[in-house]
Amino acid sequence: MSCPVIELAQQLISRPSVSPDDQGCQQLIIERLTPLGFTIEKMPFGQTENLWACRGGEGETLAFAGHTDVVPPGANALWDNPPFEPSIRDGMLYGRGAADMKGSLAAMVVAAERFVHAYPQHRGRLAFLITSDEEADAHDGTVKVVESLISRGERLDYCLVGEPSSQHQLGDMIKNGRRGSITANVTIYGTQGHVAYPHLAQNPIHMASPFIHELVNTVWDNGNEYFPATTMQIANIHSGTGSNNVIPGELFIQFNFRFSTAITDEEIRQRTEALLQKYQLRYHISWSLSGQPFITGEGKLLDAVRYSVKHYTNIEPTLSTSGGTSDGRFIAQMGAQVVELGPINATIHKVNECVSAADLQQLSRIYQRIMEQIIL
């Protein structure tokens with residue numbers, strides 16, 4: 001198939017860029033953006049490659065954001081074709097990263113090429129923020145770039161993140177926000193002993209059971225017009241020595257909250273510790289905040305995205321804040337309006353990940369129309 005979007009997507013997929021290894025993907029993008037007059041700035045942190053590229057001068061800034069890293073493909077034998085050897089079958093482009101999100105990256109770059117060639121004197125700035133650390137720790141990627149941009153007074157007004165947001169048809173869903181994420185790691189202390197002499201020990205599993213029951217059944221909030229109610233899920237519980245005659249001395253519980261703007265992370269911390277104290281548990285707790293919730297309300301970016309999607313698909317996209325976190329949570333800290341729009345996500349992180357080739361071609365046109373709506 002001869003198409004610049006598909007050809008670039010195949011070139012990107014062929015590089016085994018398992019997070020945080022970029023494997024030359026960003027260099028491919030640099031080679032496409034440089035002739036267009038983009039100022040290229042490589043921003044490596046640790047083992048992560050990051051790219052900030054911008055074109056234009058005065059006026060508002062529209063950035064396209066994405067990641068070149070992918071999740072591990074698993075056993076190659078499970079794939080119909082090797083995961084890093086892109087193939088097209090029945091109109092579908094197969095390969096690790098096809099949908100998440102090398103296809104979107106290709107669509108963005110080609111959209112920029114077409115836009116700049118058509119409007120070389122466009123107003124405002126067009127920018128790209130690309131990282132190789134989104135799928136794994138996300139410690140040295142977009143978050144570090146954003147910190148650097150903020151520290152030097154860079155302005156970012158609008159950002160389109162190319163995460164695969166669509167459900168059943170291209171453009172049927174766009175993300176105009178994401179829930180926050182915070183994880184608690186709790187160790188509850190008892191006293192180790194022999195199971196035949198429970199009066200000489202304190203079983204932390206038994207002691208913690210009422211706490212766990214109330215934790216699971218607590219209603220943290222009722223959500224709001226943008227977000228569903230906050231959820232809590234226990235992810236890991238560990239205790240015991242492996243022997244059936246030893247009462248354990250400690251119990252480890254790890255649980256995660258996906259929270260809305262109806263509650264703050266500080267409220268979650270306070271209410272969780274109040275529960276631990278209610279049941280008079282001896283404990284140690286540590287917290288890891290992965291990101292705050294963010295929402296983009298009605299405005300110029302949402303209008304442009306909805307108009308552009310409908311122009312090419314005749315679909316009125318549904319707005320959603322569902323799903324996991326994305327790098328949009330970091331970009332929103334710059335005060336930017338942030339919206340996520342990308343291909344269908346049915347096969348992301350799966351064996352035989354794929355995306356419709358026709359959808360990628362259309363997605364590139366939608367991205368170009370968004371550029372025209374914002375910075376023309």
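Glycine is treated like the rest: Cβ placed from N, Cα and C.
Going by what Swiss-Prot states, the Zn(2+) 1 site holds His67, Glu163, and the candidate of Asp21, Asp100, Asp221 recorded there is Asp100. Glu135 is the residue from Glu60, Glu135, Glu316, Glu372 that Swiss-Prot records in the Zn(2+) 2 site together with Asp100, His349. Fewest other C-beta atoms within 10 angstroms, among the recorded positions Asp69, Asp100, Glu134, Glu135, are seen around Glu135. In the three-state DSSP assignment, the secondary structure recorded for Glu163 (Zn(2+) 1 binding site) is coil. Summary: among the binding-site residues (His67, His349), the fewest other C-beta atoms within 10 A of the C-beta are counted at His349. Proximity note: of the listed recorded positions (His67, Asp69, Glu163, His349), His67, Asp69 have a CA within 10 Å of the CA of Glu134 (active site, proton acceptor), given in sequence order. The C-beta environment of Glu163 (Zn(2+) 1 binding site), restricted to residues of the same chain at least 6 apart in sequence and closer than 8 Å, consists of Gly66, Asp100, Met101, Ser104, Lys175, Ser326, Gly328, Glu340, Gly342.
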